[in-house]
Amino acid sequence: MATQRSSRALRLALRQASAPHVQQRTFVSAVKAASRPAVKQTAVSSFVQQTRGAKTVDFAGDKEKVYERDDWPRDKLLEYFKNDTLALIGYGSQGHGQGLNLRDNGMNVIVGVRKDGASWKEAEQDGWVPGTNLFDIDEAIGKGTIIMNLLSDAAQSSTWPHIKPQLTKGKTLYFSHGFSPVFKKQTGVEVPTDIDVILVAPKGSGRTVRTLFREGRGINSSFAVFQDVTGKADEKAQALGVAIGSGYLYKTTFEKEVYSDLYGERGCLMGGIHGMFLAQYEVLREKGHSPSEAFNETVEEATQSLYPLIGANGMDYMYAACSTTARRGAIDWSKKFKDTLKPVFEELYDSVKTGKETQRTMEYAGRKDYREAFEKEMEEIREMEIWRAGKAVRSLRPENA
Ligand SMILES: NC(=O)c1ccc[n+]([C@@H]2O[C@H](COP(=O)([O-])OP(=O)(O)OC[C@H]3O[C@@H](n4cnc5c(N)ncnc54)[C@H](OP(=O)(O)O)[C@@H]3O)[C@@H](O)[C@H]2O)c1
(Lines of atoms letter the chains of each structure in order from A and count residues from 1; the text may use other names and numbers.)
(Lines give C-alpha, C1' and ligand atoms only; values in the text may rest on other atoms or scores of the structure.)
Protein backbone atom coordinates (compact mmCIF):
# COMPACT_ATOMS: atom_id res chain seq x y z
CA MET A 1 0.00 0.00 0.00
CA ALA A 2 1.19 3.52 -0.67
CA THR A 3 1.12 6.95 1.34
CA GLN A 4 -1.93 9.17 1.21
CA ARG A 5 -0.18 11.86 -0.84
CA SER A 6 -2.23 14.31 -2.80
CA SER A 7 -1.35 16.22 -5.92
CA ARG A 8 0.41 18.57 -3.51
CA ALA A 9 3.71 16.95 -4.56
CA LEU A 10 3.16 18.09 -8.12
CA ARG A 11 2.24 21.58 -7.04
CA LEU A 12 5.35 21.66 -4.91
CA ALA A 13 7.56 20.47 -7.77
CA LEU A 14 6.12 23.21 -9.97
CA ARG A 15 6.52 25.80 -7.22
CA GLN A 16 10.09 24.74 -6.56
CA ALA A 17 10.98 25.03 -10.25
CA SER A 18 10.39 28.76 -10.05
CA ALA A 19 11.12 29.39 -6.37
CA PRO A 20 14.52 30.16 -4.89
CA HIS A 21 16.37 27.10 -3.64
CA VAL A 22 14.65 25.86 -0.51
CA GLN A 23 17.84 25.60 1.52
CA GLN A 24 18.09 29.37 1.41
CA ARG A 25 15.09 29.55 3.70
CA THR A 26 15.74 30.89 7.16
CA PHE A 27 14.13 29.49 10.23
CA VAL A 28 11.86 32.51 10.42
CA SER A 29 10.78 32.21 6.81
CA ALA A 30 10.25 28.48 7.29
CA VAL A 31 8.03 29.06 10.27
CA LYS A 32 6.14 31.78 8.45
CA ALA A 33 5.68 29.45 5.52
CA ALA A 34 4.48 26.73 7.88
CA SER A 35 1.64 28.92 8.96
CA ARG A 36 0.58 29.50 5.35
CA PRO A 37 -1.81 26.93 3.98
CA ALA A 38 0.34 24.80 1.65
CA VAL A 39 -2.56 24.19 -0.68
CA LYS A 40 -5.35 26.46 -1.67
CA GLN A 41 -8.30 24.46 -0.40
CA THR A 42 -11.20 24.05 -2.74
CA ALA A 43 -14.69 24.28 -1.28
CA VAL A 44 -15.50 21.02 0.41
CA SER A 45 -18.97 20.93 -1.04
CA SER A 46 -20.31 18.63 -3.69
CA PHE A 47 -17.35 16.97 -5.33
CA VAL A 48 -15.70 20.08 -6.79
CA GLN A 49 -12.86 18.96 -9.00
CA GLN A 50 -9.70 20.89 -9.60
CA THR A 51 -8.54 21.20 -13.15
CA ARG A 52 -5.07 21.62 -14.60
CA GLY A 53 -3.40 20.36 -17.74
CA ALA A 54 -1.08 17.52 -18.75
CA LYS A 55 2.47 18.64 -18.59
CA THR A 56 6.03 17.54 -18.44
CA VAL A 57 7.37 18.06 -14.95
CA ASP A 58 11.00 18.10 -13.93
CA PHE A 59 11.21 15.72 -10.96
CA ALA A 60 14.68 16.50 -9.67
CA GLY A 61 16.19 16.44 -13.16
CA ASP A 62 14.08 13.56 -14.46
CA LYS A 63 11.48 14.91 -16.86
CA GLU A 64 8.23 13.02 -16.80
CA LYS A 65 4.87 13.57 -18.39
CA VAL A 66 2.03 13.64 -15.91
CA TYR A 67 -1.70 13.58 -16.51
CA GLU A 68 -4.33 15.54 -14.70
CA ARG A 69 -8.00 16.31 -14.76
CA ASP A 70 -7.68 18.97 -17.41
CA ASP A 71 -6.81 16.25 -19.91
CA TRP A 72 -10.04 14.47 -19.15
CA PRO A 73 -12.70 16.96 -18.18
CA ARG A 74 -15.99 15.43 -17.20
CA ASP A 75 -17.70 15.94 -20.59
CA LYS A 76 -14.82 14.24 -22.33
CA LEU A 77 -14.93 11.35 -19.86
CA LEU A 78 -18.66 10.92 -20.34
CA GLU A 79 -18.21 10.93 -24.12
CA TYR A 80 -15.26 8.54 -23.97
CA PHE A 81 -17.04 5.97 -21.82
CA LYS A 82 -20.54 6.50 -23.28
CA ASN A 83 -20.72 2.93 -24.62
CA ASP A 84 -19.05 1.32 -21.64
CA THR A 85 -20.29 -0.35 -18.52
CA LEU A 86 -17.65 -0.28 -15.81
CA ALA A 87 -18.07 -3.45 -13.78
CA LEU A 88 -16.32 -3.04 -10.49
CA ILE A 89 -15.69 -6.49 -9.01
CA GLY A 90 -15.11 -6.42 -5.26
CA TYR A 91 -16.12 -3.75 -2.82
CA GLY A 92 -13.34 -3.45 -0.27
CA SER A 93 -11.46 -0.28 0.42
CA GLN A 94 -10.67 0.42 -3.25
CA GLY A 95 -14.04 -0.74 -4.54
CA HIS A 96 -15.76 1.68 -2.21
CA GLY A 97 -13.54 4.68 -3.05
CA GLN A 98 -13.22 4.14 -6.78
CA GLY A 99 -16.83 3.03 -7.22
CA LEU A 100 -18.39 6.02 -5.48
CA ASN A 101 -16.09 8.45 -7.29
CA LEU A 102 -16.96 6.89 -10.66
CA ARG A 103 -20.64 7.12 -9.80
CA ASP A 104 -20.34 10.77 -8.76
CA ASN A 105 -18.47 11.45 -11.98
CA GLY A 106 -21.53 10.20 -13.88
CA MET A 107 -20.00 6.98 -15.22
CA ASN A 108 -22.13 3.96 -15.99
CA VAL A 109 -20.74 1.83 -13.18
CA ILE A 110 -22.03 -1.34 -11.60
CA VAL A 111 -20.73 -3.36 -8.66
CA GLY A 112 -20.25 -7.13 -8.58
CA VAL A 113 -19.77 -8.91 -5.26
CA ARG A 114 -20.80 -12.23 -3.76
CA LYS A 115 -24.28 -12.12 -2.33
CA ASP A 116 -23.46 -13.66 1.04
CA GLY A 117 -20.40 -11.50 1.71
CA ALA A 118 -19.92 -8.43 3.88
CA SER A 119 -19.31 -6.28 0.79
CA TRP A 120 -22.85 -6.79 -0.52
CA LYS A 121 -24.30 -5.18 2.59
CA GLU A 122 -21.75 -2.40 2.50
CA ALA A 123 -22.52 -1.65 -1.13
CA GLU A 124 -26.23 -1.50 -0.34
CA GLN A 125 -25.50 0.93 2.48
CA ASP A 126 -23.61 3.09 -0.02
CA GLY A 127 -26.70 3.26 -2.21
CA TRP A 128 -25.96 0.56 -4.80
CA VAL A 129 -29.26 -1.05 -5.72
CA PRO A 130 -29.58 -4.84 -6.20
CA GLY A 131 -30.66 -5.64 -9.75
CA THR A 132 -29.97 -2.07 -10.92
CA ASN A 133 -26.30 -1.45 -10.31
CA LEU A 134 -25.45 -4.16 -7.77
CA PHE A 135 -25.10 -7.76 -8.98
CA ASP A 136 -23.34 -10.95 -8.16
CA ILE A 137 -19.88 -11.24 -9.65
CA ASP A 138 -20.75 -13.30 -12.74
CA GLU A 139 -23.70 -11.13 -13.68
CA ALA A 140 -21.66 -7.96 -13.33
CA ILE A 141 -18.85 -9.35 -15.47
CA GLY A 142 -21.43 -10.37 -18.07
CA LYS A 143 -22.81 -6.84 -18.22
CA GLY A 144 -19.45 -5.05 -18.06
CA THR A 145 -17.20 -3.92 -20.88
CA ILE A 146 -14.45 -2.78 -18.53
CA ILE A 147 -13.92 -5.29 -15.74
CA MET A 148 -12.28 -3.62 -12.76
CA ASN A 149 -10.89 -6.46 -10.70
CA LEU A 150 -10.78 -5.05 -7.18
CA LEU A 151 -11.04 -8.33 -5.32
CA SER A 152 -8.36 -8.86 -2.71
CA ASP A 153 -5.13 -10.00 -4.35
CA ALA A 154 -5.55 -13.49 -2.92
CA ALA A 155 -9.13 -13.68 -4.19
CA GLN A 156 -8.04 -12.53 -7.65
CA SER A 157 -5.98 -15.68 -7.75
CA SER A 158 -8.49 -18.12 -6.25
CA THR A 159 -11.36 -16.88 -8.45
CA TRP A 160 -9.30 -16.63 -11.64
CA PRO A 161 -10.17 -20.05 -13.12
CA HIS A 162 -13.83 -19.05 -12.86
CA ILE A 163 -13.44 -15.44 -14.03
CA LYS A 164 -11.01 -15.89 -16.91
CA PRO A 165 -13.43 -17.57 -19.35
CA GLN A 166 -15.83 -14.64 -18.89
CA LEU A 167 -13.25 -12.11 -20.08
CA THR A 168 -14.20 -12.30 -23.72
CA LYS A 169 -12.79 -10.36 -26.67
CA GLY A 170 -13.75 -6.69 -26.58
CA LYS A 171 -13.69 -6.40 -22.81
CA THR A 172 -10.94 -4.59 -20.93
CA LEU A 173 -9.39 -5.94 -17.74
CA TYR A 174 -8.37 -3.39 -15.11
CA PHE A 175 -6.38 -3.87 -11.91
CA SER A 176 -5.22 -1.55 -9.15
CA HIS A 177 -2.08 -3.55 -8.46
CA GLY A 178 0.38 -5.41 -10.66
CA PHE A 179 0.45 -8.33 -8.19
CA SER A 180 -1.73 -10.88 -10.02
CA PRO A 181 -0.40 -10.76 -13.59
CA VAL A 182 3.24 -10.03 -12.70
CA PHE A 183 3.52 -12.94 -10.28
CA LYS A 184 1.44 -15.21 -12.48
CA LYS A 185 3.49 -18.31 -11.61
CA GLN A 186 2.23 -17.95 -8.05
CA THR A 187 -1.20 -16.46 -8.70
CA GLY A 188 -2.13 -18.36 -11.86
CA VAL A 189 -3.45 -15.11 -13.38
CA GLU A 190 -2.48 -15.60 -17.02
CA VAL A 191 -4.52 -12.97 -18.86
CA PRO A 192 -6.35 -13.73 -22.11
CA THR A 193 -4.26 -12.54 -25.06
CA ASP A 194 -7.08 -10.77 -26.92
CA ILE A 195 -8.08 -8.06 -24.42
CA ASP A 196 -6.58 -4.81 -23.16
CA VAL A 197 -5.12 -5.15 -19.66
CA ILE A 198 -4.46 -1.95 -17.74
CA LEU A 199 -3.81 -0.71 -14.25
CA VAL A 200 -4.48 2.39 -12.18
CA ALA A 201 -2.94 2.15 -8.72
CA PRO A 202 -3.92 4.85 -6.24
CA LYS A 203 -1.04 5.63 -3.88
CA GLY A 204 -3.09 5.31 -0.75
CA SER A 205 -6.04 3.64 0.84
CA GLY A 206 -9.39 3.50 -0.95
CA ARG A 207 -10.87 5.49 1.91
CA THR A 208 -8.47 8.31 1.06
CA VAL A 209 -9.36 7.98 -2.63
CA ARG A 210 -12.87 8.85 -1.56
CA THR A 211 -12.23 11.54 1.05
CA LEU A 212 -9.78 13.49 -1.12
CA PHE A 213 -12.23 13.40 -4.02
CA ARG A 214 -14.99 14.72 -1.82
CA GLU A 215 -12.71 17.56 -0.78
CA GLY A 216 -12.10 18.47 -4.41
CA ARG A 217 -8.59 17.06 -4.15
CA GLY A 218 -7.25 13.79 -5.49
CA ILE A 219 -4.95 10.91 -4.66
CA ASN A 220 -1.83 10.44 -6.79
CA SER A 221 -1.97 7.28 -8.88
CA SER A 222 0.25 5.41 -11.25
CA PHE A 223 -1.09 3.85 -14.43
CA ALA A 224 0.29 1.14 -16.67
CA VAL A 225 -0.50 -1.01 -19.67
CA PHE A 226 0.14 -4.75 -19.53
CA GLN A 227 -1.39 -5.59 -22.89
CA ASP A 228 -2.62 -3.25 -25.61
CA VAL A 229 -4.79 -5.02 -28.15
CA THR A 230 -6.89 -2.08 -29.32
CA GLY A 231 -4.15 0.56 -29.44
CA LYS A 232 -6.20 2.54 -26.94
CA ALA A 233 -5.10 0.94 -23.69
CA ASP A 234 -2.88 3.83 -22.66
CA GLU A 235 -5.50 6.54 -23.04
CA LYS A 236 -8.14 4.30 -21.47
CA ALA A 237 -5.98 3.90 -18.38
CA GLN A 238 -5.39 7.66 -18.13
CA ALA A 239 -9.11 8.35 -18.51
CA LEU A 240 -10.04 5.76 -15.90
CA GLY A 241 -7.41 7.17 -13.59
CA VAL A 242 -9.05 10.57 -13.74
CA ALA A 243 -12.55 9.08 -13.52
CA ILE A 244 -11.76 7.26 -10.27
CA GLY A 245 -10.65 10.58 -8.76
CA SER A 246 -6.87 10.72 -9.12
CA GLY A 247 -5.07 13.99 -8.52
CA TYR A 248 -2.26 13.36 -10.97
CA LEU A 249 -1.19 10.22 -12.78
CA TYR A 250 2.29 9.03 -13.66
CA LYS A 251 3.12 6.21 -15.99
CA THR A 252 4.79 3.02 -14.86
CA THR A 253 4.84 -0.65 -15.76
CA PHE A 254 3.01 -3.47 -13.99
CA GLU A 255 6.36 -4.80 -12.75
CA LYS A 256 7.59 -1.48 -11.40
CA GLU A 257 4.25 -0.78 -9.75
CA VAL A 258 4.18 -4.04 -7.86
CA TYR A 259 7.86 -4.02 -6.92
CA SER A 260 7.78 -0.44 -5.61
CA ASP A 261 4.45 -0.89 -3.87
CA LEU A 262 5.38 -4.07 -1.97
CA TYR A 263 8.81 -2.64 -1.18
CA GLY A 264 7.42 0.69 0.05
CA GLU A 265 4.77 -0.73 2.34
CA ARG A 266 7.22 -3.16 3.90
CA GLY A 267 9.73 -0.32 4.25
CA CYS A 268 9.28 3.33 5.14
CA LEU A 269 5.51 3.39 4.72
CA MET A 270 4.63 0.75 7.29
CA GLY A 271 7.00 -2.06 8.34
CA GLY A 272 10.20 -0.06 8.49
CA ILE A 273 8.70 2.81 10.40
CA HIS A 274 7.04 0.47 12.87
CA GLY A 275 10.37 -1.26 13.43
CA MET A 276 12.13 2.10 13.99
CA PHE A 277 9.46 3.19 16.46
CA LEU A 278 9.77 -0.06 18.42
CA ALA A 279 13.56 0.01 18.54
CA GLN A 280 13.73 3.62 19.71
CA TYR A 281 10.96 3.16 22.27
CA GLU A 282 12.48 -0.01 23.72
CA VAL A 283 15.86 1.63 24.27
CA LEU A 284 14.24 4.62 25.98
CA ARG A 285 12.32 2.30 28.28
CA GLU A 286 15.41 0.22 29.05
CA LYS A 287 17.21 3.43 29.98
CA GLY A 288 14.54 4.31 32.50
CA HIS A 289 12.28 6.72 30.62
CA SER A 290 8.56 6.58 31.30
CA PRO A 291 6.11 5.25 28.69
CA SER A 292 4.68 8.74 28.31
CA GLU A 293 8.06 10.29 27.63
CA ALA A 294 9.17 7.44 25.37
CA PHE A 295 5.98 7.63 23.32
CA ASN A 296 6.07 11.40 22.99
CA GLU A 297 9.71 11.37 21.87
CA THR A 298 9.17 8.52 19.43
CA VAL A 299 5.73 8.69 17.87
CA GLU A 300 3.63 11.61 18.98
CA GLU A 301 6.08 14.34 18.05
CA ALA A 302 6.78 12.59 14.76
CA THR A 303 3.20 12.23 13.64
CA GLN A 304 1.79 15.41 15.14
CA SER A 305 4.58 17.90 14.59
CA LEU A 306 7.44 16.84 12.34
CA TYR A 307 6.12 14.50 9.63
CA PRO A 308 3.40 16.96 8.61
CA LEU A 309 6.17 19.53 8.03
CA ILE A 310 8.00 17.10 5.75
CA GLY A 311 4.72 16.44 3.96
CA ALA A 312 4.00 20.12 3.53
CA ASN A 313 7.35 21.32 2.25
CA GLY A 314 10.10 18.74 2.44
CA MET A 315 12.88 17.54 4.71
CA ASP A 316 14.96 20.74 4.68
CA TYR A 317 11.87 22.61 5.71
CA MET A 318 11.37 20.33 8.71
CA TYR A 319 15.01 20.72 9.71
CA ALA A 320 14.76 24.49 9.32
CA ALA A 321 11.76 24.57 11.62
CA CYS A 322 13.69 22.80 14.41
CA SER A 323 16.37 23.98 16.80
CA THR A 324 20.03 24.16 15.80
CA THR A 325 20.72 21.43 18.34
CA ALA A 326 18.11 19.11 16.86
CA ARG A 327 19.17 19.89 13.32
CA ARG A 328 22.90 19.27 13.94
CA GLY A 329 22.39 15.88 15.54
CA ALA A 330 19.67 14.72 13.19
CA ILE A 331 21.67 15.47 10.06
CA ASP A 332 24.74 13.71 11.49
CA TRP A 333 22.82 10.60 12.55
CA SER A 334 20.78 10.37 9.34
CA LYS A 335 23.92 9.23 7.51
CA LYS A 336 24.53 6.40 9.99
CA PHE A 337 20.90 5.27 9.78
CA LYS A 338 21.02 5.36 5.99
CA ASP A 339 24.23 3.34 5.79
CA THR A 340 22.99 0.82 8.35
CA LEU A 341 19.57 0.41 6.79
CA LYS A 342 20.48 0.38 3.12
CA PRO A 343 21.52 -3.31 3.09
CA VAL A 344 18.18 -4.15 4.72
CA PHE A 345 16.36 -2.27 1.96
CA GLU A 346 18.42 -4.08 -0.67
CA GLU A 347 17.48 -7.41 0.90
CA LEU A 348 13.85 -6.31 0.96
CA TYR A 349 13.82 -5.31 -2.73
CA ASP A 350 15.32 -8.68 -3.69
CA SER A 351 12.77 -10.45 -1.57
CA VAL A 352 10.00 -8.64 -3.44
CA LYS A 353 11.45 -9.13 -6.90
CA THR A 354 12.20 -12.82 -6.47
CA GLY A 355 8.62 -13.44 -5.40
CA LYS A 356 9.35 -14.38 -1.78
CA GLU A 357 7.03 -11.65 -0.51
CA THR A 358 4.17 -12.61 -2.80
CA GLN A 359 4.64 -16.27 -1.95
CA ARG A 360 4.37 -15.43 1.74
CA THR A 361 1.27 -13.30 1.14
CA MET A 362 -0.42 -15.97 -0.95
CA GLU A 363 0.31 -18.68 1.60
CA TYR A 364 -0.89 -16.54 4.47
CA ALA A 365 -4.02 -15.31 2.74
CA GLY A 366 -4.71 -18.86 1.56
CA ARG A 367 -5.09 -20.11 5.11
CA LYS A 368 -8.69 -20.70 6.09
CA ASP A 369 -8.16 -18.92 9.40
CA TYR A 370 -6.25 -15.94 7.98
CA ARG A 371 -8.74 -13.34 9.18
CA GLU A 372 -8.55 -14.68 12.74
CA ALA A 373 -4.77 -15.00 12.53
CA PHE A 374 -4.49 -11.42 11.31
CA GLU A 375 -6.80 -10.16 14.04
CA LYS A 376 -4.64 -11.98 16.60
CA GLU A 377 -1.60 -10.08 15.33
CA MET A 378 -3.51 -6.80 15.48
CA GLU A 379 -4.46 -7.58 19.05
CA GLU A 380 -0.82 -8.27 19.91
CA ILE A 381 0.17 -4.91 18.43
CA ARG A 382 -2.67 -3.10 20.21
CA GLU A 383 -1.51 -4.65 23.47
CA MET A 384 2.14 -3.62 23.10
CA GLU A 385 3.13 -1.14 25.74
CA ILE A 386 4.09 1.50 23.20
CA TRP A 387 0.66 1.49 21.56
CA ARG A 388 -1.17 1.34 24.85
CA ALA A 389 0.84 4.36 25.95
CA GLY A 390 -0.11 5.99 22.66
CA LYS A 391 -3.77 5.50 23.37
CA ALA A 392 -3.38 7.33 26.67
CA VAL A 393 -1.38 10.12 25.02
CA ARG A 394 -4.02 10.58 22.30
CA SER A 395 -6.77 10.75 24.89
CA LEU A 396 -5.00 13.79 26.36
CA ARG A 397 -5.05 15.77 23.14
CA PRO A 398 -7.17 18.85 23.85
CA GLU A 399 -9.39 18.14 20.90
CA ASN A 400 -10.23 14.75 22.43
CA ALA A 401 -11.20 16.20 25.79
N1 LIG B 1 -6.39 -1.10 0.12
C2 LIG B 1 -5.45 -0.32 -0.38
O3 LIG B 1 -4.95 0.56 0.31
C4 LIG B 1 -5.01 -0.48 -1.82
C5 LIG B 1 -4.30 0.56 -2.41
C6 LIG B 1 -3.96 0.47 -3.75
C7 LIG B 1 -4.29 -0.68 -4.46
N8 LIG B 1 -4.96 -1.70 -3.85
C9 LIG B 1 -5.31 -2.89 -4.63
O10 LIG B 1 -6.70 -2.84 -4.91
C11 LIG B 1 -7.23 -4.16 -4.99
C12 LIG B 1 -8.37 -4.30 -4.01
O13 LIG B 1 -7.87 -4.08 -2.71
P14 LIG B 1 -8.83 -3.78 -1.46
O15 LIG B 1 -7.93 -3.49 -0.30
O16 LIG B 1 -9.86 -2.84 -1.85
O17 LIG B 1 -9.50 -5.23 -1.34
P18 LIG B 1 -9.87 -6.11 -0.08
O19 LIG B 1 -10.49 -5.24 0.94
O20 LIG B 1 -8.69 -6.90 0.32
O21 LIG B 1 -10.94 -7.12 -0.72
C22 LIG B 1 -11.94 -6.66 -1.59
C23 LIG B 1 -13.02 -7.63 -1.93
O24 LIG B 1 -12.56 -8.96 -2.12
C25 LIG B 1 -13.72 -9.77 -1.94
N26 LIG B 1 -13.35 -11.16 -1.76
C27 LIG B 1 -12.40 -11.66 -0.93
N28 LIG B 1 -12.34 -13.01 -1.10
C29 LIG B 1 -13.24 -13.33 -2.06
C30 LIG B 1 -13.61 -14.55 -2.69
N31 LIG B 1 -13.02 -15.70 -2.39
N32 LIG B 1 -14.59 -14.51 -3.62
C33 LIG B 1 -15.17 -13.34 -3.96
N34 LIG B 1 -14.87 -12.17 -3.40
C35 LIG B 1 -13.90 -12.16 -2.47
C36 LIG B 1 -14.38 -9.15 -0.72
O37 LIG B 1 -15.76 -9.50 -0.73
P38 LIG B 1 -16.54 -10.07 0.55
O39 LIG B 1 -16.91 -8.88 1.40
O40 LIG B 1 -17.70 -10.74 -0.06
O41 LIG B 1 -15.60 -10.97 1.28
C42 LIG B 1 -14.18 -7.67 -0.98
O43 LIG B 1 -15.28 -7.13 -1.69
C44 LIG B 1 -6.06 -5.09 -4.69
O45 LIG B 1 -5.46 -5.48 -5.91
C46 LIG B 1 -5.10 -4.20 -3.91
O47 LIG B 1 -3.75 -4.61 -3.97
C48 LIG B 1 -5.35 -1.61 -2.56
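Using N, Cα and C of the backbone, Cβ positions are placed for all residues, glycine too.
The Mg(2+) 2 binding site annotation in TrEMBL covers Asp261, Glu297, Glu301. What TrEMBL lists as Mg(2+) 1 binding site is Asp261, Glu265. Per TrEMBL, substrate binding site is recorded for Ser323. Annotated domain 'KARI N-terminal Rossmann' per TrEMBL: 63-252, in sequence order. Look at TrEMBL and you will find 253-400 tagged as domain 'KARI C-terminal knotted'.
Mapped onto three states, the DSSP output places Glu301 (Mg(2+) 2 binding site) in helix.
Mean pLDDT for the domain 'KARI N-terminal Rossmann' (63-252) in this predicted model: 96. The separation of Ser323 (substrate binding site) from Asp261 (Mg(2+) 2 binding site), Cα to Cα, is 34 Å.
For the domain 'KARI C-terminal knotted' (253-400), residue counts in helix, strand and coil come to 126 helix, 0 strand, 22 coil, using DSSP. The binding-site residues listed here are Asp261, Glu265, Glu297; among them, Asp261 has the most other Cβ atoms within 10 Å of its own Cβ. Of all the binding-site residues given, namely Glu301, Ser323, the one with the smallest number of surrounding CB atoms inside 10 A is Ser323. Each residue contributes its Cα atom, and for Glu301 (Mg(2+) 2 binding site) and the residue listed as 'substrate binding site' these two points are 14 Å apart. Residue pair Glu265 (Mg(2+) 1 binding site) / Glu297 (Mg(2+) 2 binding site) shows a Cα separation of 24 Å. Between the CA atoms of Glu297 (Mg(2+) 2 binding site) and the residue listed as 'substrate binding site' there is a gap of 15 Å, rounded to the nearest whole number.
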